[in-house]
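Sequence annotations record features per position, and here Swiss-Prot assigns ATP binding site to Ser10, Phe11, His18, Gly89, Leu90, Arg91, Glu99, Phe124, Tyr125, Tyr126, Ile127, Ser128, Ser129, Arg130 based on sequence analysis. Summarising the annotation, Swiss-Prot assigns substrate binding site to Ser10, Lys42, Thr74, Arg88. Residues or ranges marked as site 'Transition state stabilizer' by Swiss-Prot: His18.
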Amino acid sequence: MSKIAVYPGSFDPITMGHVDIINRISPLYDEVIVLVAQSSQKQSMFSVEERKTLIEKALSHLKNVKVDIFGGLTVEYMKKAKAQVIVRGLRAVSDFEYEMTMANMNRKLAPDFETLLVFASPEFYYISSRGVKEVAINGGALKGLVPDVVVEAMENKIRK
C-alpha cells in the first residue's frame, strides 16, 4: 500500500512557508497531494484553478507531489484518494489550538486517518498568505515570501 499524505489549504497564494513544508514532507511519502480548498466563504485573490496552476509550477521539482481541487470535507477526499495522513503546518502557538480542534474533529469523522503537524522553519514562521497579500497590495517586495512564479502572478493581478 502506498503512503499518501494530503496537505489541504486555501493556498491563496502558496507561500515559501508552504513550499518549505512540502519540500520537507515529500521524502516521507510515496505521494503528497496538495489539496486546494474550494471555499465560497473566503474572498480570494486567485481562482482555485489559478492557485492549482501556480502550485504545480512552484512544485514542479517534486515528482511525487500532485495538486488537486476539492470542495468538501478533507476526510471525504482522503477516502477517495486512499490517503492516510493529513499534513498541517504550524507557525505559532496560536495555530496549535485551531489545528488540534480540527485534528480531533477529523479523527471523530475518520478514526483511521492521522494528522501530522509540521512546524514552520524559523525563516518562514512569520509568513502567511494574508500577510503576503497585504505586502503586495501596498507595493512591498514579495521576493522570498512566495515562489517567483507567484510574485509575477500577484504583480500582474494587482496591476489590473
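Cβ atoms are placed via backbone N, Cα and C, with glycine included.
Annotated features taken from Swiss-Prot, shown on the structure.
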{"residue": "Ser10", "record": "ATP binding site", "DSSP (3 states)": "coil"}
{"residue": "His18", "record": "ATP binding site", "DSSP (3 states)": "helix"}
{"residue": "Thr74", "record": "substrate binding site", "DSSP (3 states)": "helix"}
{"residue": "Arg88", "record": "substrate binding site", "DSSP (3 states)": "strand"}
{"residue": "Glu99", "record": "ATP binding site", "DSSP (3 states)": "helix"}
{"residue": "Tyr125", "record": "ATP binding site", "DSSP (3 states)": "coil"}
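Taking a C-beta cut-off of under 8 Å and a sequence gap of six or more, Thr74 (substrate binding site) has these contacts in its own chain: Val6, Pro8, Leu35, Ile86, Asn106. Note on His18 (ATP binding site): other Cβ atoms within 10 Å of its Cβ, all shown chains, come to 24. Note on Tyr125 (ATP binding site): other Cβ atoms within 10 Å of its Cβ, all shown chains, come to 16. Ile127 (ATP binding site) sits 15 Å from Arg88 (substrate binding site), taking the C-alpha atoms as the reference points. Spanning the residues Ser10, Phe11, His18, Gly89, Leu90, Arg91, Glu99, Phe124, Tyr125, Tyr126, Ile127, Ser128, Ser129, Arg130 that the record associates with binding ATP, the maximal Cα-Cα distance equals 18 Å.
All protein chains shown were included, and the count of other CB atoms within 10 Å of the CB of Leu90 (ATP binding site) stands at 17.
Rounded to the nearest whole angstrom, the C-alpha distance between Ser129 (ATP binding site) and Arg88 (substrate binding site) is 15. A 10 Å radius around the C-alpha of Arg88 (substrate binding site) takes in these binding-site residues out of Ser10, Glu99, Tyr125, in sequence order: Glu99.
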